[in-house]
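> Marked as compositional bias 'Basic and acidic residues' by TrEMBL: 351-367. Per TrEMBL, the feature region 'Disordered' maps to 341-389. The repeat 'WD' feature in TrEMBL is assigned to 14-47, 395-410.
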Amino acid sequence: MASNARPAQPKTILRGHKTPVQVAAFVRNNERLLTGDSDGFVVAWDLTIMRPRAVWQAHTASILGIEGWGHDRIITHGRDNRLVVWKLTAEHENVLSTSLPLDPSSQPRPKPWMLHVLQISTMNFCSFSYCPAYPDNSPAAAAADEILLAVPNTLSSESIDIFHLPSLARKHTVGLPTSSSPDQKNGMAMSLSLFHHPTSHHLTLVAGYERGLAAVYQLDPNTSKWVVTYQSNPHTQPILSLDVSPDESFFLSSGADATIAKHPIPSCPPSSGIIQDPILTINTRHAGQQSLRIRSDNLIFATAGWDSMVRVYSVKTMKELAVLKWHQQGCYAVAFAAANTSPATSPPQEETPRPDDKKPEGSHSKEVTTQVPKMLVEQTPKQKRLHQARTARWLAAGSKDGRVSLWDVY
């Protein structure tokens, strides 16, 4: 029997980019969605009204990565060999342009305050990754203004540099793991993730390479040397994206092939040697899943595909749960809003009846009392929109068509 269920539809389409949307990230407790395109433009979307709050050209070439740093800083990484840290507060937004890249603008758009600029290599398409400069158990962890930032090496894109901000000093250079065959090259670094391991507290780097290799490195504090704790080659094509789980116990990788792999993150080098087996691999039969992100509740992950589809999977079983189809061209970026699982802040299931709402004529049914949290009843319309933006389980997808689809999932 044929199903009458309608395909899922996006809640909102954000239009404004003139060229393909390459990156996306939610910031400020989900109040803003940042998107970046192939011309180097950044749009900060206000999700309470679904309109742009700030638009500027951050780079003169395509944007490779974008992330929030704290509540008032934005990091962008472009193919113009620059990584920039911007100061962007609500007050700054008031003086910035809201003219979208699609809109003709005779005047140059003002830019936010530029805090730091790092000249880096962009020979490949590998974006940056950053983490706090010190682990949580360190007395210096309160220094929120210090981070470590991983990028491809300036001279060789096969190696990885780790810089300290705000000093801009290079602290480490991590070399490639040794290939089992002298004639087999691992190729360029394609995707990175930098963090402090939750149990050993050692600085840990996860890297995906052009050959399809995935590796985990840890910094040995006793020798100040980087040690490979995991190395596997589950992909037959370049790794395009990877993401570390919220509890930092595993990571997922996707590539130009149809494979998605789940990998372990060892806390220290095993005595029996380097771990070489992934936890699980699946053949999705869909090549080219360019962007992969795990939601903060560790229940689902999503991929953006060259076939224009956004696919949602279970983290536990790795089974496909949904296929989101709206774009007519390939999808390049996917991002999740932080999942708010607190029942006290969950949005109401039904709207509160307005005083001017009328019952249908001839209706004798009793009034239905909707249980709405008191805090929501007393809020102004603006506060309610802000609450909805912060608690909605948004999934954003950026496409080659220059549009961003916003979905409410699970």
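Cβ atoms are placed via backbone N, Cα and C, with glycine included.
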> By DSSP, how many residues in the repeat 'WD' (14-47) are helix, how many strand, and how many coil?
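Split by secondary structure, the repeat 'WD' (14-47) comes out as 0 helix, 21 strand, 13 coil.
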> Could you tell me how many residues in the repeat 'WD' (395-410) are helical, how many are strand and how many are coil under DSSP?
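Taking the repeat 'WD' (395-410) as a whole: 0 helix, 11 strand, 5 coil.
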> Looking only at the repeat 'WD' (14-47), what is the model's average confidence as pLDDT?
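Overall, the repeat 'WD' (14-47) comes to a mean pLDDT of 97.
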